[in-house]
Amino acid sequence: MYERPCVILIIIATVCTLCRSQRSFGIDFDRNTFVKDGKPFQYVSGSVHMYRMPRAYWADRLQRMWTAGLNAIQTYVFWDQHELVEGVYNFEDNNDLVAFIQLAQKIGFVVILRVGPYGCGEHEFGGFPWWLLRDLNNLEFRQMNTVYLKAVTRWMSVLLPQIRPLLYNNGGSVISVQVENEYGSYPACDHNYMGYLRDVFRQYLGDNLVLFTVDGNGLGYLRCGTVKGAYTTIDFGPGTNVNESFNYQRQYAPHGPLVNTEFYPGWLDLWGHQHSTVSTESIVKTLDEMLSIGVNVNFYMFFGGTNFGFTSGADPDYIPQPTSYDYDAPISEPGDITSKYMAIRNVIGKYLPLPSAPVPGNNTKKAYGSVRLSFKQSLLSYITSHSPFCTTSSYPKRFEELGQNQAFVVYSTILNNPEVQGKVLDLSGVRDRAYVLLGEKSIGIAYRANSSSLKLTIQAPGNRETHLNIIVENMGRLNYGGDLFDTKGFVNNITLDGQLLVNWTMCISGSLFDEAPTDFTMNKFEDFDPNAPNIYTGNFSVTDQAPSDTFLLPTTISNGYWEKGVAYINKYNLGRYWPILGPQVTLYIPSPWLIPSTTNSLTMIELQSSPCGNQQTCSIELVDYPILDKPTLMPAPLLYKRKPQYH
């Protein structure tokens, strides 16, 4: 339990005028409140992630949060975004954490930081870097494990010194830092590990800082998730019994402020499940109950944004999350002010002064019309001709062993006998999705989330092709749950009619698809298969001197569907599309990624079947509205029910 006498966190303002003028933030346990500059302080905060929007929109989104009446923001630091290559650190452009925090301070916010090392957040691998999975020997996550802690400690030695000058007591805006993340929902329950992290944070950030933990509103979560020396907070969504929930917090924090670190005004989406929504009525009712008794509230999320590129994660057992992280949040994915925003603002205004600045209007959206696309090269040919690294092995290797993070790896072998008609190809070990070809002709798809697809009966009458090629796609690593060993590629060997297939050549895509593919060459094979993975490109004109946001619509009445793949505007990776599954159909295109008054390019990597057919040319639309709620066969994800109880 959290002990009241802990002098590390207690900052009591003295009566002297000089002391009152100094910047200070802490906890007054006698008055059950935060204290900022010697005065009681209650925050109403919103979660926002700098990675999920272009840097050019940081100020816009933060300003919209400010006019909602929020006085704080909360944000994750995703480790993998900053250390994509082990030992090489990136804090530039959209990764410029210091600039983001300083911008928030300039607008008027104080900042609550969640630095992990694990973050969840529906982000690929929960923010862990992929290279932790290269060597699985003696590795355990989120516990006292030598291999894991060596990497964590090195990362914190780089990250935390950048944060220390930004602490509120040092003249910055950071008022508190989270230790780990909802650790009570992880089965390891290693209190020594939590203590180790706390000590590392103290080493680099000093003693004069509020550290905190957050867990679900249940004793089972709090028993494993709390640690002495860090203040205990909880999370829960609308419609929850407020008094009962804070009774759980009081079991571990008998004195101090009441805090809901994740109050959910929306919820996440999953591919193939209905779009999640949360009623405004339930949000404002529970919010009003909390603010009336002085609760410190953080909305998760207040602005969700977009999982651009390959950054979306997956839920267990394996259900990947879509590109949109709209979250049914008060500020929508393209930054629109919603009726939910205004209702929340009205409640906040009952308890805190609202800023004098008016609520901004919504940004303009524009339909740029039809874009004509043409076939450029098969994905198989492109990867094998541009791969930065190919290797051979008796048995297929995992992505991580090959040095590959995201996107694709091509696995190829020569069949001893081309007579494959009716034979069963067992791909049960695929992680996550396999596009199977004889030569360059598609013979099927295997997907780990569809067990019936993993044993593929080959239909290729008269086939004489002996080259078996398998393009494996990483759909996103698990970001939540008790098993984070979500390696990609093949985790088991491959058999054909029970016979082990050996002597594989593996070509990684490396960083080829972080930006739009270019430098196309002729196919190695003459025949074009419209049902195989292919790359298409096209151009369109933007006549505006100041372009507007727009949306890629991968389906039209005349052309049918672009079924599944990855799309790019100019060099920028917009993320994955999968409109035949839903619920997301459109992809958001932010205006800063469009080039004004000139020609822009659109690139599609269609993995299943384009509407082009054998014509090798077809079109796609850029529209001025999003579609995130296509009806699906599966229900919406259960709200607030992801955290398994570990007692």
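Note: Cβ is positioned from N, Cα and C throughout, glycine not excepted.
Because the structure is a prediction, the values reported are computed rather than measured.
What TrEMBL records for E182 is active site, proton donor. Here TrEMBL flags E262 as active site, nucleophile. Taken from TrEMBL, the feature domain 'Glycoside hydrolase 35 catalytic' applies to 33-350. Residues or ranges marked as domain 'Beta-galactosidase 1-like first all-beta' in TrEMBL: 396-507. According to TrEMBL, the feature domain 'Beta-galactosidase galactose-binding' maps to 535-597. Summarising the annotation, TrEMBL assigns signal peptide to 1-21.
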| task | Under 8 Å Cβ to Cβ from E262 (active site, nucleophile), same chain, six or more residues apart: give me those in sequence order, or none if nothing qualifies. | result | S47, V214, D235, F236, N298, Y300
| query | Once the chains shown are all counted, how many other Cβ atoms turn up within 10 Å of the Cβ of E182 (active site, proton donor)? | reply | 23
| note | Looking only at the domain 'Glycoside hydrolase 35 catalytic' (33-350), mean pLDDT returns 98
